[in-house]
Amino acid sequence: MNLRELVSALNDFASPALAESWDNVGLLVEPSPPHTVNTLFLTNDLTEEVMEEAVQKKADLILSYHPPIFAPLKRVTWKTWKERLVVRALENRIGIYSPHTAYDAIPHGVNNWLTKGLGTCTSVPLHPSTAPGSPAEGTHRVEFCADAVHLDAVLSKIKDIPQVSCLTTLPARVEGEEQTRVSLNCSQKALLEVVALLSQNSLLYHKTEILLLQKPLLPHTGMGRLCTLSEPLSLAATVERIKGHLQLPHVRLALGAGRTLESPVKKVALCAGSGSSVLKGAEADLYLTGEMSHHDVLDAVANGISVILCEHSNTERGFLSELRDALTIHLQNKINVIVSEKDRDPLQVA
């Protein structure tokens with residue numbers, strides 16, 4: 001496939017608009033066009049060892065779940081390992097694409113895969129995603145009715161306010177009088193100015209309605225998951241299920257206050273990777289993630305919530321095999337999709 005055609009297909013699989021605002025997703029390194037992709041190479045982390053593997057396996061595009069370029073590069077030299085990744089990619093005509101938190105959010109993504117380690121359960125996003133497209137310009141809609149005496153003067157002043165859009169007028173009959181209904185969209189900042197203007201006339205102000213414009217929620221899409229198990233499990237049995245799913249010999253466990261290994265687990269809040277900000281405040285028997293700060297673990301434990309930490313990328317990497325199969329179908333078997341054999345979590349127990 002042509003690279004641009006492939007990138008479009010990858011964006012259809014998981015829209016970059018679903019990624020967190022702080023993230024750096026999409027096509028990060030592009031060889032000069034035209035660029036044909038025969039082999040798509042999947043990895044969780046793009047290290048120099050993994051890059052060498054991709055070169056040896058003649059990859060044309062690397063899909064790295066974590067973006068290897070995150071902080072802006074001021075130069076591309078041989079000095080640092082991330083700069084060397086870019087140099088090696090361009091020298092070998094290999095593109096680099098990263099989906100990261102877009103794959104966290106989608107219904108068929110990383111967090112959904114992580115829930116499968118719990119057995120039969122139902123799950124909902126902890127932080128639901130909203131539709132990428134805004135329903136309208138601005139954050140608020142303001143509607144009011146004005147008579148002919150006040151209409152022109154008010155409209156003239158409103159049009160001078162920055163960040164006001166979609167200004168429309170329609171004939172209206174209010175309490176038997178012919179008036180004009182004015183509707184406009186505006187930003188949060190402009191709303192303060194519009195309200196201040198309308199409040200100068202009590203008749204206009206008391207006929208004013210303000211609506212908050214919200215994007216619709218996307219079903220089954222968003223950050224983290226709150227899982228309700230079909231049958232409660234002991235904490236010990238839950239630990240064993242998770243270890244089996246992630247193929248780990250061990251995990252780190254913090255017992256919630258008043259809990260034991262035999263305590264029942266019915267609700268699990270989970271987030272692949274680093275889950276502190278996503279899990280915070282979630283009501284559950286257990287938090288499951290890759291890593292959390294020491295103080296966030298203490299907070300959870302104090303609230304009677306047990307915590308399982310598996311190391312950051314161990315909660316993500318196993319998804320790549322499922323992703324390989326899904327992308328093979330999504331791309332209609334047009335290219336060879338392979339998973340890195342060198343990619344691994346940097347931490348181990350010594």
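Using N, Cα and C of the backbone, Cβ positions are placed for all residues, glycine too.
What TrEMBL says about a protein is an automatic prediction, not a curated fact.
Marked as divalent metal cation binding site by TrEMBL: His66, Asp104, His312, Glu316. Under a cutoff of 8 A between CB atoms, and with a sequence separation of 6+ in the same chain, the neighbours of His312 (divalent metal cation binding site) are Gly273, Ser274, Gly290, Glu291, Asp345.
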Among all protein chains shown, how many Cβ atoms are found within 10 Å of the Cβ of His66 (divalent metal cation binding site), not counting that one? 17
Show, in sequence order, which residues other than His66, Asp104, His312, Glu316 on the same chain lie with their Cβ within 8 Å of the centre of the Cβ atoms of the divalent metal cation site. Asn44, Tyr65, His100, Val110, Ala272, Gly273, Ser274, Gly290, Ser313, Thr315
